[in-house]
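Q: Questions regarding the structure given below will be posed in turn.
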Ligand SMILES: Cc1cc2nc3c(=O)[nH]c(=O)nc-3n(C[C@H](O)[C@H](O)[C@H](O)COP(=O)(O)OP(=O)(O)OC[C@H]3O[C@@H](n4cnc5c(N)ncnc54)[C@H](O)[C@@H]3O)c2cc1C
Ligand SMILES: NC(=O)c1ccc[n+]([C@@H]2O[C@H](COP(=O)([O-])OP(=O)(O)OC[C@H]3O[C@@H](n4cnc5c(N)ncnc54)[C@H](O)[C@@H]3O)[C@@H](O)[C@H]2O)c1
């Protein structure tokens, strides 16, 4: 049957080339890539266009952290310190955060979708069999969509609150409340020493809360090199926070304005709020996965083109595929998946799915960068020493004290920081780099380029860092490596 199509390619019966479920940063980019390739695209969103990142994650958290880190940096600069000795203006910081969260309104992003010709369907999206999606709007109206080529699930993740006695009734904060709160709690207990835990402990301690950070393992930031967690823990303690490692929470109870956290050893900690920063779960539980033979509630496992295993039309991109829960990496996957969807729609006979090919999200395995925006910043790209060894590489790690670099001393009085470079001894290329110290976040892309480019260490020797910048740590690491 021939159907009428309009200029963007969708049909009167809501058939599109590509249907995207979830309009976070990743879904937006899949839709954008599809449109750029000349395909028609619809996107389904149940909350705000822009997703977690724009309203309850990256943007508000970084808007809260920036004044904290800028003040800390200024306090380390002679001649300036006395100007920034006082407390932060918490209400100004919260107002700055509100701006960066667009006051939790998505008009700007809706306008952008409109400008690129992507149709937005507001409501809860569910798969309804092969290439079919239903959208249930807030008023209960159900719209059916069909996809000619692909459905991309980009529904992201939500915070997990552990199933502890009393936790659900204690009205705990998750990352949403921690990034969106409109007041500074007097006392805050943070459970979890991962990225959300350390960033939010940094923010609220600086804004005036008395923070207690509870970590069940031996240190903070367990996915990074151990020195990252050690330096961040030292700084949090110096800022006045209490950091308790090897500590597990047994139960939580709220009585009015007070929440009591009971630890495994029996200790009780009273606070005004408790934040669970204990990881994420995929938003796939009410997604109709059973209609296509997949398990509801599971992370969606995909190949390097982000196609779901066993399907030739279903893609899962961003947090929901659990490859790297980071906005930039999800957007990278969206570019790769968008290119793969377009190539398959054009019936390109062979896709470039080999390593570093146009249709392979190779960097997810080897070259993921991350910046933890604490004071000091912790930035990494590629593999840690432990991860490289576990992956079977024959490696050597070299470390350097960042305080010994001329640019660091100029950047801050009493600079403290450390760098590590992990080198593959068989190929003589860099597998991983970690920098911890003030101002290192902007440095990490140099490492990402070296790793993704597989630049031989001998050639890096000719990449001369400008004097006197913190980047000179590259020279020091290479000198140390070459002995
Ligand atoms: C506190 C915090 C800070 C962070 N900071 C950073 C950072 O600085 N840098 C960084 O790179 N990463 C950061 N992250 C991670 C980052 O937020 C995520 O990796 C990113 O948001 C993932 O994008 P996504 O599009 O896959 O999912 P999301 O941003 O979660 O978007 C998914 C969208 O899908 C919608 N949706 C879900 N189910 C349905 C459905 N059934 N129907 C319709 N719509 C649906 C949701 O409403 C949402 O809008 C942070 C995370 C947290 C929690
Ligand atoms: N700057 C950034 O790039 C940034 C900032 C925030 C979040 N994120 C991303 O968002 C994702 C979620 O962050 P997150 O910090 O929630 O998760 P995470 O996985 O990084 O850390 C969660 C921590 O909680 C601990 N934990 C789990 N259950 C616990 C329990 N019952 N009691 C005590 N501790 C428990 C875990 O051991 C882990 O260390 C991460 O993948 C992160 O990369 C990125």
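Glycine is no exception: its Cβ is also placed from the backbone N, Cα and C atoms.
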Q: Same NAD(+) site as 192, 193, 194, 195, 196, 197, 198, 199 according to TrEMBL: which of 117, 123, 279?
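A: Only hit among 117, 123, 279 in TrEMBL's NAD(+) site, alongside 192, 193, 194, 195, 196, 197, 198, 199: 279.
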Q: Just to be sure I read the record right: 62, 125, 155, 156, 157 are listed as binding FAD in TrEMBL. Which of 303, 304, 312, 319 is listed for the same site?
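A: Looking at 303, 304, 312, 319, the one TrEMBL places in the FAD site next to 62, 125, 155, 156, 157 is 319.
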Q: Just counting, how many other CB atoms are there within 10 A of the CB of residue 125 (FAD binding site)?
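A: A 10 Å sphere around the Cβ of residue 125 (FAD binding site) contains 30 other Cβ atoms.
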Q: Going by Cα-Cα distance, which of the recorded positions (58, 125, 155) sits nearest to residue 198 (NAD(+) binding site)?
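A: Closest by Cα: 58.
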Q: Give me the CA-CA distance between residue 125 (FAD binding site) and residue 53 (disulfide bond), in Å, as a whole number.
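A: So the Cα of residue 53 (disulfide bond) lies 19 Å away from that of residue 125 (FAD binding site).
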Q: For each of the recorded positions (58, 62, 192, 196, 198), count the other CB atoms lying within 10 A of its CB, then report the residue with the highest count.
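A: Answer returned by the neighbour count: 198.
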Q: Can you tell which of 155, 157 has the most other C-beta atoms within 10 Å, given these are the binding-site residues?
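A: Answer returned by the neighbour count: 155.
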Q: Less than 6 Å between Cβ and the nearest atom of ligand 2 is the rule; apply it to the binding-site residues 157, 192, 194, 196.
A: 192, 194, 196
Q: To the nearest whole angstrom, what is the C-alpha distance linking residue 62 (FAD binding site) and residue 196 (NAD(+) binding site)?
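A: If we compare the Cα positions of residue 62 (FAD binding site) and residue 196 (NAD(+) binding site), the gap is 11 Å.
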Q: Given the binding-site residues 156, 194, 279, which one has the fewest other C-beta atoms within 10 angstroms of its C-beta?
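A: Result for the binding-site residues 156, 194, 279: minimum number of other Cβ atoms within 10 Å at 279.
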